[in-house]
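Copied straight from Swiss-Prot:
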- Thr26, Asp93, Ile180: K(+) 1 binding site (BINDING)
- Gly150, Ala151, Trp152, Lys176, Pro177, Ser178, Glu179, Gly229, Val230, Glu231, Thr232, Gly253, Cys285, Glu386: NAD(+) binding site (BINDING)
- Lys162: active site, charge relay system (ACT_SITE)
- Leu245, Lys456, Gly459: K(+) 2 binding site (BINDING)
- Glu251: active site, proton acceptor (ACT_SITE)
- Cys285: active site, nucleophile (ACT_SITE)
- Cys285: cysteine sulfenic acid (-SOH) (MOD_RES)
- Glu463: active site, charge relay system (ACT_SITE)
Amino acid sequence: MAVFAIQRLYIGGAYVDATSGETFDTLDPATGETLASVQQASAADVERAVQSAREGQREWAALTAMQRSRVLRRAVEILRERNDELAALETRDTGKPIAETLAVDIATGADVIEYYAGLATAIEGQQIPLRPTSFVYTRREPLGVCAGIGAWNYPIQIACWKSAPALAAGNAMIFKPSEITPLSALKLAEIYTEAGVPAGVFNVVQGDGRVGAMLAAHPDIEKISFTGGVETGKKVMSLAGASSLKEVTMELGGKSPLLVFDDADLERAADIAMSANFFSSGQVCTNGTRVFVQRGVLERFEALVLERVKRIRVGAPTNAATNFGPLASAAQLQKVLGYIESGKQEGARLMAGGKRLTEGHFGNGQYVEPTVFTGCHDDMRIVREEIFGPVMSILVFDDEDEAIARANRTAYGLAAGVVTGNLARAHRVIHRLEAGICWINTWGESPAEMPVGGYKQSGVGRENGLTTLEHYTRIKSVQVELGPYQPVF
């Protein structure tokens, strides 16, 4: 028997039944328990969501920016009031430790809504003088109906990140969460309605990739914001372009390099490498999974990492002491185990972990040990391909130019980091690394003020920061002539 009642769609400010007749189950990855049966949206349901969003968006856009800002700030207050309740739900659905969801997932989502609520009144046009009798002014107008497609690793945070700038700019959003972690987006929809967002302005349609494809191809949707894998992102982008040339934001995968130089504080470097590989059980798109270490400090760095791996507390996500939970699904577990086996076969030296955990209460969950390979080479699969799990690959380098060249030798370009005691080197190296999100002597923080997104095949566009708001508006240019009109004929 499921823990929660059947999960329906959220359209027009209320729960509604899907018309497809199909459902799918969402499972607790720590126990294998069925959390809920979820209704799959049909094409008719997507159409209903679009029409509802069009109606709601007109009402929402007609409000003043200050009025929209107040509503969004109220949503932030409710999110923070319900932080613990939402964190518990997110932990059950994702398998993340409760200590993590309490501190990060809802809080960082609320921060982004608060940030854009503050910017809603700052959406301004320009006035451009042409001559004494004529000028141009520009207006930034909302796009209309936007769609967001979320990933399974940060369900409510991603829903907040995508909806906040859209709503602040006067748009409506139809959001499709991942079918692996579909629960918390519905709670966000409830909160938006309670805060005063008009019906239809934030709709949630559940389902698999078929639903995402319907959203990407719908001619009345003006923008798609997608978070997920590169290959799926390419398909979404293709559908978006072929249907109506809609604008896209793509936050895709990565195989990010972390460069540790021989002048680094190695204790700090080891701490950074641990966070960059094992936070959220390695299921973070920006993870620094290619750890390049300068030869002279390799042995010491390996010892420090091994010491820290032994301190990881793998356990039930609901236990406050746990800091490493299961992977999000059985499919992801099998994928990660396959990469671990590949690493062994290709000659990497297994320094820690490498096995599925099956004893006791671990047996029903999707647990894999935190895994560290060393002696890795650039052509190994575990070094080339995104694993999206707790697998660190340590590589050795000799000089700065070599490290930069090898770090950039990838189709990805999401994130990169440098650990060094030389500030000049830090900036010099960062400026040559081909990545959209970079850190110096730290890793992983993505505050609301910071634009995040990738180079190369890691994405298109940015989320968060000032510039993102511009991409949820379009510019209308208006010329005004105050003097006589000069006839042409």
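Just so it is clear, glycine is given a Cβ too, placed from its N, Cα and C backbone atoms.
Distances, neighbours, how buried they are, the whole picture for these features please.
Every protein chain considered, the tally of other Cβ atoms within 10 Å of the Cβ of Ile180 (K(+) 1 binding site) stands at 20. In the three-state DSSP scheme, Ile180 (K(+) 1 binding site) is classed as coil.
Taken residue by residue with DSSP, Lys162 (active site, charge relay system) is part of a helix.
The Cβ of Lys456 (K(+) 2 binding site) lies under 8 Å from the Cβ of Thr410, Ala411, Tyr412, Gly413, Glu434, each on the same chain and at least six residues away in sequence. DSSP classifies Lys456 (K(+) 2 binding site) as helix under the three-state reduction.
Glu251 (active site, proton acceptor) falls within a strand when secondary structure is assigned with DSSP.
Within the same chain, residues at least six positions away from Cys285 (NAD(+) binding site) with a Cβ under 8 Å of its Cβ are Ala151, Asn153, Thr227, Glu251, Leu252, Gly253, Gly254, Phe388, Leu414. According to DSSP, Cys285 (NAD(+) binding site) is assigned to coil rather than to any helix or strand.
If you draw a 10 Å sphere around the CB of Glu463 (active site, charge relay system), it holds 23 other CB atoms from the protein chains shown. In the three-state DSSP assignment, the secondary structure recorded for Glu463 (active site, charge relay system) is strand.
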Quick one: of Thr26, Asp93, Ile180, Leu245, Gly459, Glu463, which recorded positions lie within 10 angstroms of Val230 (NAD(+) binding site), measuring between C-alpha atoms? Sequence order, please.
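Qualifying among Thr26, Asp93, Ile180, Leu245, Gly459, Glu463: Gly459.
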Return the single residue from the recorded positions list (Asp93, Glu179, Glu251) that has the minimum number of other CB atoms within 10 Å.
Glu179
Within 8 Å of the centroid of the Cβ atoms of Thr26, Asp93, Ile180, which other residues of that chain place their own Cβ, given that this set defines the recorded K(+) 1 site?
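For the K(+) 1 site the neighbour list reads Leu27, Pro29, Leu35, Thr94, Trp152, Pro155, Ser178, Glu179, Thr181, Pro182, Leu183, Ala328, Ser329.
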From the Cα of Pro177 (NAD(+) binding site) across to the Cα of Lys162 (active site, charge relay system), what is the distance in angstrom?
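Distance between the two Cα atoms comes out at 11 Å.
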Is Leu245 (K(+) 2 binding site) helix, strand or coil when read with DSSP?
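Note: Leu245 (K(+) 2 binding site) is coil by DSSP, not helix or strand.
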Among the binding-site residues Thr26, Thr232, whose Cβ has the fewest other Cβ atoms within 10 Å?
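The binding-site residues Thr26, Thr232 were compared, and Thr232 has the fewest Cβ atoms within 10 Å.
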Taking Glu463 (active site, charge relay system) as the reference, which of Gly150, Trp152, Pro177, Glu179, Ile180, Leu245 (the binding-site residues) have a CA within 10 A of its CA?
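Matched binding-site residues: none.
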